[in-house]
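Inspection log for the structure reproduced underneath, given as structure tokens.
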Amino acid sequence: MVKIKMPALFRRRSGSKSPPLPQADPASGGGSPAPTPEEEMERVFRKFDANGDGRISRSELGALFESLGHAATDDELARMMAEADADGDGFISLDEFAALNATASGDAAAVEEDLRHAFRVFDADGNGTISAAELARVLHGLGEKATVQQCRRMIEGVDQNGDGLISFEEFKVMMAGGGSFAKIA
């Protein structure tokens with residue numbers, strides 16, 4: 001999410017929004033219906049809102065990126081907060097968070113750039129593919145309980161060439177909802 005460029009999550013462009021998160025595979029055994037987009041947005045927001053006060057602070061934002069292994073600089077955090085904090089109160093509310101993550105389609109080049117940033121978060125070793133271990137690392141950083149074996153099964157749902165890894169092209173299909181994959185946040 002950060003390279004340390006601004007993550008797609010907080011990139012605001014006129015006419016361009018981030019792509020939707022993939023839906024969980026009902027066949028994966030969850031048994032409950034997939035959450036609505038609003039429920040999923042609130043769940044992701046709560047991951048960021050570590051102290052549960054209903055708003056995301058700069059320190060909570062920084063802590064989340066650090067837990068993902070992508071510590072943001074003070075300047076990057078300030079820029080993300082400035083772009084996200086529409087009312088200027090120094091915090092990101094659920095409404096501000098939702099506005100930044102609206103799922104309307106946007107400029108294809110901007111979406112591609114956002115996907116590349118997200119892919120790099122998962123591809124820790126920079127080899128151009130996402131392994132089960134790399135997926136598990138990111139999920140753990142987000143507070144999700146997933147074993148490497150479970151991540152291998154998730155990868156099988158989108159691994160078009162059968163190599164046990166997710167390439168960028170496979171990642172794009174997954175993020176567009178064209179494959180089955182557990183939610184990432």
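Placed from the backbone N, Cα and C atoms, the Cβ positions cover glycine too.
According to Swiss-Prot, the feature region 'Disordered' maps to 1-41.
In the domain 'EF-hand 1' (36-71), helix, strand and coil residues by DSSP number 22 helix, 2 strand, 12 coil. Positions annotated as domain 'EF-hand 1' by Swiss-Prot: 36-71.
Long-range C-beta contacts of Glu60 (Ca(2+) 1 binding site), restricted to its own chain and to partners at least six residues apart, with a cutoff below 8 Å, comprise Phe48, Asp49, Ala50, Asn51. Residues or ranges marked as Ca(2+) 1 binding site in Swiss-Prot: Asp49, Asn51, Asp53, Arg55, Glu60.
Annotation source Swiss-Prot lists domain 'EF-hand 2' at 72-107, citing sequence analysis.
Marked as Ca(2+) 2 binding site by Swiss-Prot on the basis of sequence analysis: Asp85, Asp87, Asp89, Glu96. In sequence order, Ala84, Asp85, Ala86, Asp87 are the residues of the chain that are 6 or more apart from Glu96 (Ca(2+) 2 binding site) and have a CB within less than 8 Å of its CB. DSSP assigns Glu96 (Ca(2+) 2 binding site) to a helix in the three-state reduction.
Annotation comment: Swiss-Prot describes 110-145 as domain 'EF-hand 3'.
The feature Ca(2+) 3 binding site is assigned by Swiss-Prot to Asp123, Asp125, Asn127, Thr129, Glu134. Mapped onto three states, the DSSP output places Thr129 (Ca(2+) 3 binding site) in strand. Taking the Cβ of Thr129 (Ca(2+) 3 binding site) as centre and 10 Å as the limit, one finds 20 other Cβ atoms among all the protein chains shown.
According to Swiss-Prot, the feature domain 'EF-hand 4' maps to 146-181.
Annotation note: Glu170 (Ca(2+) 4 binding site) sits in a helical segment as assigned by DSSP. Annotated Ca(2+) 4 binding site per Swiss-Prot: Asp159, Asn161, Asp163, Glu170, in sequence order, evidence recorded as sequence analysis.
Residue counts for the domain 'EF-hand 4' (146-181) under DSSP (helix as H, G, I; strand as E, B; rest coil) come to 17 helix, 2 strand, 17 coil.
A separation of roughly 10 Å, to the nearest angstrom, links the Cα atoms of Asp89 (Ca(2+) 2 binding site) and Arg55 (Ca(2+) 1 binding site).
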